[in-house]
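Working notes for the structure below.
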């Protein structure tokens, strides 16, 4: 089972220390309600060899390697363990010569977001809905002091811990298996990321307020989410599914999204990037047995989802508390 005590020790003397009033009890309760496969997944993490990497690159990729290559047997054992943690959705990872080719080329998103950010050097960062943590490692690569990701999905936690083990057990990033609605308002993070989360929320303004509550005064929000074309009054509310996803509730235009952010009290709100999701960025691989973007689009018109809505387009919005 994953041991969170090192994280408690890490934050005990930081601005996050108030979290210790609630977090240990929440995680004890979480352990009693975990997914039926969690014990199996966490054992897979334990089975991974403690390999020492001579080279780690988190600046241009998430990559570890050593001067003497793994034997083919060692490499196949690691691949076997990592494939037991499928599906791998966000990546890619390059670990001791093994290319974990995930469904999403999350490096594409990072390349769109990074040029617009306030420097991450020395910052304490919260990544909401962090998945298996790919972007967290890239934040560490930009010099972040501490990155905390929150995501309630147990598989993502085990994937994150598996990658951590193959990155010399780097403790600068930590994944906590909770949702933001379970976090007390800490007002302690210099930067808060919420990427690919807002459209899954039944109450998007509540989500934006929760993000604001975690930021220090003047801190930076990085919001990345689905948008549709239209004016300040345009919001798509899918009748049933959107791109085969059941849990999509509100997809605003950029103008409407900026209005929402200003309404909950953010300042200096600006859109810095808009990009249509491509079949190069989201696709099937050997590390994902499920459907992917090609299956979610109208086969005769890729500008539409299979339900007839505008195809996925994503905006990056920055704002300050």
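Keep in mind that glycine also has a Cβ here, set from the backbone N, Cα and C atoms.
A sphere of 10 angstroms centred on the C-beta of residue 181 (carboxy-S-adenosyl-L-methionine binding site) encloses 11 other C-beta atoms. The carboxy-S-adenosyl-L-methionine binding site annotation in Swiss-Prot covers 90, 104, 109, 129, 151, 152, 153, 180, 181, 195, 199, 314.
Over all protein chains present, the Cβ of residue 153 (carboxy-S-adenosyl-L-methionine binding site) has 17 other Cβ atoms lying within 10 Å.
Taken residue by residue with DSSP, residue 199 (carboxy-S-adenosyl-L-methionine binding site) is part of a helix.
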